[in-house]
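The region 'Disordered' annotation in TrEMBL covers 1-37. Here TrEMBL flags 1-21 as compositional bias 'Basic and acidic residues'. The feature transmembrane segment is assigned by TrEMBL to 110-131, 137-156, 163-190, 215-235, 256-279, 285-305, 405-427, 447-465, 486-503, 529-555, 567-588, 614-634.
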Amino acid sequence: MHREKGRGKETERFLGLEIRDMGSTSTSKEIKSPEDLLETPTSLELDGKSRKKLGVFFIESNNRRTAFGRGYTGGTTPVNIHGKPIADLSKTGGWTAAFFIFGNEMAERMAYFGLSVNMVAFMFYVMHRPFSSSSNAVNNFLGISQASSVLGGFLADSYLGRYWTIAIFTTIYLAGLIGITLCASMKIFVPNQDQCDQLSLLLGSCEPAKPWQMLYLYIVLYITAFGAAGIRPCVSSFGADQFDERSKDYKTLLDRFFNFFYLCVTIGAIIAFTLVVYIQIELGWGAAFGSLAIAMGMSNMIFFAGTPLYRHRLPGGSPLTRVAQVLVAAFKKRHIPFTRSELVGLYELPGRQSAIKGSGKIPHTDDFRCLDKAALELKEDGGDPSPWRLCTVTQVEEVKILIKLIPIPACTIMLNAILTEFLTLSVQQAYTMNTHIGKLKLPVTCMPVFPGLSIFLILCLYYSVFVPISRRITGHPHGASQLQRVGIGLFISILSVAWAGAFERFRRGYAITHGYEFNFLTPMPDLSAYWLLIQYCLIGIAEVFTVVGLLEFLYEEAPDAMKSIGSAYAALAGGLGCFVASIINSIVKSGTRNPENNQLSWLSQNINQAKFDYFYWLLTVLSIINFCIFLYSAHRYKYRTEQIFKVRETKQNIPGEDSQIRI
């Protein structure tokens with residue numbers, strides 16, 4: 001900070017705007033616009049024709065009592081596990097630390113997809129539950145494990161930090177997997193399997209699981225979901241924390257990190273869809289679920305082994321409390337106009353300090369001006385006002401950012417719904433088709449491996465093929481911006497589900513023509529299941545563009561002290577996608593079934609008499625509408641870096657400005 005000399009009153013410069021000491025009349029420092037440097041405003045004079053930006057009238061008070069007793073500088077400064085600044089950053093973080101984190105995510109994804117692809121069959125064949133209820137139970141498991149990720153993000157950003165959140169919840173995850181393994185391995189936890197052949201299963205005459213057996217299975221299953229909820233929002237953010245944001249290559253490193261991160265997710269999924277399925281076929285359910293527990297246990301040891309290398313960010317206290325304070329303070333001052341004479345200005349701490357632990361300052365923006373009233377400082381507020389009546393500009397801007405981020409991940413809910421539908425509907429299609437590759441018969445449960453393989457291929461070719469080509473088209477140094485990548489993924493998902501509808505129409509017509517209309521359990525030998533690879537590969541490409549772009553977007557755009565909650569937005573969208581898929585299924589089943597006319601629903605169990613093609617086209621229409629909403633939201637969104645750049649541009653244009661401070 002530069003202090004000007006030769007004046008009677010002390011002045012400072014902050015972000016290119018002059019701060020003049022108010023002397024004995026006030027304990028605050030006022031930030032004024034360049035054109036108003038000669039006089040001190042007593043009110044914000046805003047008329048309909050010419051409104052001054054509220055950011056011009058920052059007030060920085062020295063008397064403000066923060067929630068933590070002081071301000072915090074360098075909100076993103078990395079610390080060690082003990083919360084102390086790291087003296088030599090070269091000995092910590094970077095790719096070495098990131099690889100220890102990659103192992104944990106790979107095992108978690110392996111367990112997640114291993115359960116998703118095997119648990120429906122386990123409930124049907126072993127626990128003797130109807131296929132529909134088994135499918136709904138697994139969909140609920142998938143949805144809850146993702147939607148509750150907000151809880152993990154909240155704990156990480158508020159109290160525990162990302163490292164300890166991962167450490168605690170990955171242990172819970174392991175405990176759940178051990179419980180599922182015991183359920184599949186010990187006869188006491190499963191119903192009697194005697195005299196239960198395939199025909200008995202189809203007729204529903206096998207001995208059902210006892211209520212306490214299902215209760216035990218649900219408990220350990222949801223313990224696993226709870227563990228996943230704490231890991232998912234933190235792993236990607238914690239990995240990105242290992243890179244120095246002051247490095248000139250930070251953007252490139254972050255871009256590559258999220259691609260490698262999703263590559264690990266994909267490898268975990270491929271192992272789940274191949275090796276775990278093979279173990280289940282050859283060695284049984286206990287060995288299959290046990291392999292997931294062993295993988296998670298090994299990844300936990302690898303994660304803890306990397307502890308000395310990790311860089312940490314200090315948790316910033318409860319973000320929900322800060323959000324609530326802004327909303328309450330804005331509501332209390334909702335009737336106070338910006339032109340009120342008693343108005344001192346918008347409140348902020350002086351200098352580089354932030355009132356929020358683990359966060360730097362955030363420049364003021366003109367979005368959601370109603371929330372700015374939470375930062376309006378009045379003379380009646382006094383020298384030590386309650387944080388429920390007066391909030392800092394940074395605190396208000398945090399809430400604005402969280403609100404502005406919502407439309408982007410919300411537009412990915414439809415993609416996640418399609419992924420959920422493909423996980424079940426495409427497998428049902430594959431059951432009616434020939435899955436042989438030469439003399440090798442591929443299990444139907446291995447079919448979801450193909451989207452993973454397409455993702456793996458895309459990620460491997462991303463920097464050598466996609467980036468150079470797209471860079472020529474867009475001029476973007478990384479080939480495409482984060483939102484452009486999300487948009488590309490959503491567009492490709494439309495092509496995927498449209499092709500699925502077209503091919504299902506052909507498949508159903510083929511089944512009816514060749515006499516398989518009522519025999520949906522018998523595969524058609526002359527129709528290869530590998531026609532499904534087109535829709536699988538398209539949805540895989542869509543997923544990698546959308547999810548990787550979204551994760552990077554949320555990490556960079558989220559406030560410093562809310563990175564995990566930002567990442568949880570993506571997981572929440574995934575969970576809501578599962579629930580949306582279930583809701584759409586229920587509506588379609590009830591709306592298209594007419595028992596009086598013997599009309600089956602579009603999603604009838606007999607796929608050869610159902611109308612899966614109509615259902616896919618319904619998803620296509622919904623996806624097109626969703627894509628249009630995304631285009632509108634993305635067009636209106638302004639990146640935080642662009643806003644900060646504009647502030648710095650304004651700063652550089654101020655006459656006589658020879659020394660500024662950067663936040």
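Placement of Cβ uses the backbone N, Cα and C atoms for every residue, glycine included.
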Query raised in the report: Can you name the far-off residues of the same chain, 6+ from the ends of the transmembrane segment (529-555), with a Cβ under 8 Å from a Cβ of it?
Result: 236-237, 240, 254-255, 258-259, 261-262, 266, 405, 408-409, 412, 415, 418-419, 422, 426, 429-430, 433-435, 437, 442, 444, 447-448, 450-455, 458-459, 480, 482-486, 488-493, 495-497, 499-500, 503, 507, 563, 566-567, 569-570, 573
Report summary line: The answer for the transmembrane segment (486-503), taking Cβ pairs under 8 Å and residues 6+ beyond its ends, is 408, 411-412, 414-415, 418, 422, 426, 480, 531-532, 534-535, 538-539, 541-547, 549-550, 553, 613-617, 619-620, 623-624, 626-627, 630-631, 634
Query raised in the report: Quick one: do the transmembrane segment (163-190) and the transmembrane segment (285-305) reach 3+ CB pairs under 8 Å, ignoring pairs fewer than 6 apart in sequence?
Result: yes
Query raised in the report: By a Cβ-Cβ criterion of under 8 Å, what residues six or more beyond either terminus of the transmembrane segment (614-634) are in contact with it?
Result: 407-408, 411, 413-415, 417-418, 421, 425, 483, 486-487, 490-491, 493-494, 497-498, 500-501, 504, 584, 588, 592, 602-603
Query raised in the report: In the same chain, which residue numbers or ranges, 6 or more beyond the ends of the transmembrane segment (137-156), come under 8 angstroms Cβ to Cβ?
Result: 112, 115-116, 119-120, 123, 129, 162, 165, 169, 218, 221-222, 224-226, 228-234, 237, 315, 318-320, 420, 562, 564-568, 571-572, 574-579, 581-582
Report task. Mark yes when the transmembrane segment (110-131) and the transmembrane segment (285-305) have three or more Cβ pairs under 8 Å (sequence separation 6 or more) and no when they do not. Result -> yes
Report task. Grab the same-chain neighbours of the transmembrane segment (256-279) for me: Cβ-Cβ under 8 Å, and only residues 6 or more beyond its ends, written as numbers and ranges. Result -> 98, 102-103, 105-114, 117-118, 235-236, 239-240, 243, 287-288, 291-292, 443, 445-449, 452-453, 455-456, 459-460, 462-463, 544, 547-548, 551-552, 555
Query - Close approaches to the transmembrane segment (215-235) from elsewhere in its chain (Cβ under 8 angstroms; 6 or more beyond its ends) - result: 101, 104-105, 108, 111-112, 115, 119, 123, 127, 137, 141, 144-146, 148-153, 155-156, 162, 165-166, 168-177, 179-180, 182-183, 189, 209, 261, 564-565, 567-568, 571
Requested in this report: For the transmembrane segment (110-131), find every same-chain residue at least 6 residues outside the stretch whose CB is under 8 Å from a CB in it, and list them.
Outcome: 137-138, 141-142, 145, 173, 177, 180, 184, 190-191, 193, 196, 201, 204, 206-209, 213-214, 217, 221, 224, 228, 268-269, 271-273, 276-277, 280, 285, 288-289, 291-293, 295-296, 423-424, 445, 448, 605
